[in-house]
Amino acid sequence: MPNIKIFSGSSHQDLSQKIADRLGLELGKVVTKKFSNQETCVEIGESVRGEDVYIVQSGCGEINDNLMELLIMINACKIASASRVTAVIPCFPYARQDKKDKSRAPISAKLVANMLSVAGADHIITMDLHASQIQGFFDIPVDNLYAEPAVLKWIRENISEWRNCTIVSPDAGGAKRVTSIADRLNVDFALIHKERKKANEVDRMVLVGDVKDRVAILVDDMADTCGTICHAADKLLSAGATRVYAILTHGIFSGPAISRINNACFEAVVVTNTIPQEDKMKHCSKIQVIDISMILAEAIRRTHNGESVSYLFSHVPL
């Protein structure tokens, strides 16, 4: 493809390489380093004048450093006369801070949107935003892609009894997500209502729906410390589920998450590779990964060629 350049930030170079390989491109030359005072320095190592530039950087790992690196890369390309700069952010940072839920709370997702725009981003490509209204925080186009087609494909190919399963949301907020998957599989859905007293601590769970003698598949957009999904798995087993799976778009897995998964009753915890999982998989055999590089690569190809990306909302590209 002419007049296109793809650069990778340091957060997830493996995913960036897979995207570039699928597009038949080489990653652009970029050098990132830190000065002795920990300031981030980025050097774009090739001309981007008149080019359609895509910068891949996920909101994971050292999130603040990686966000700053992305902003600097966007700005460096913009002032070097790139014709368009698109930030490809598989896991959007600060997405959970999307509303003012208590006095004096910041809306940090809006701040990040402002920063990306001011840095010079012309377009954002992301996946499974924690709150879809974050798209409205931008005055530039945002393509919020979905892992759902890849999740459906994984369920059909890897769970032999998928016709006898129930899709379960671990909270009321995910009801729309699980009903969509359940409808497309033509199976039932359930949800778990949770009463939470402190952040990351679940007090009481109430199952709404039937999982008795069925395979229960927990579906959520992200899991951090995994307290919620591990409690939910216990609840589902006690309600008569034969087996329990968890399928998540963004596997953050911080703090005690890995030990909780190892001690939980999951057959498998399936995540996409919006966040690197290699190190975590070494410590937890239950973690399996769905590759979504083909979805992001096809979104980039269609964007570059001026084509619609809505096909990707219901299909997995080959």
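Glycine residues also receive a Cβ, built from the backbone N, Cα and C atoms like all the rest.
The 10 Å shell around the Cβ of Lys99 (ATP binding site) contains 13 further Cβ atoms across the protein chains shown. Under the DSSP three-state reduction, Lys99 (ATP binding site) is assigned to coil, being neither helix nor strand. As annotated by Swiss-Prot, ATP binding site applies to Arg96, Gln97, Asp98, Lys99, Lys100, Asp101, His130.
Sequence annotations record features per position, and here Swiss-Prot assigns Mg(2+) binding site to Asp128, His130, Asp139, Asp143 based on sequence analysis. Asp143 (Mg(2+) binding site) falls within a strand when secondary structure is assigned with DSSP.
Across the region 'Binding of phosphoribosylpyrophosphate' (212-227), the DSSP tally of helix, strand and coil residues reads 1 helix, 9 strand, 6 coil. Under the heading region 'Binding of phosphoribosylpyrophosphate', Swiss-Prot lists 212-227, citing sequence analysis as support.
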Three-state secondary structure, which DSSP defines for His130 (ATP binding site): coil
Asp128 (Mg(2+) binding site): tally of other CB atoms within 10 A of its CB: 25
Distance from Asp101 (ATP binding site) back to Asp143 (Mg(2+) binding site), taken between C-alpha atoms, in Å: 26
Count of other CB atoms lying within 10 Å of the CB belonging to His130 (ATP binding site): 20
Chain-internal residues near Arg96 (ATP binding site), provided their CB is under 8 angstroms and they sit 6+ positions away: Ala109, His130
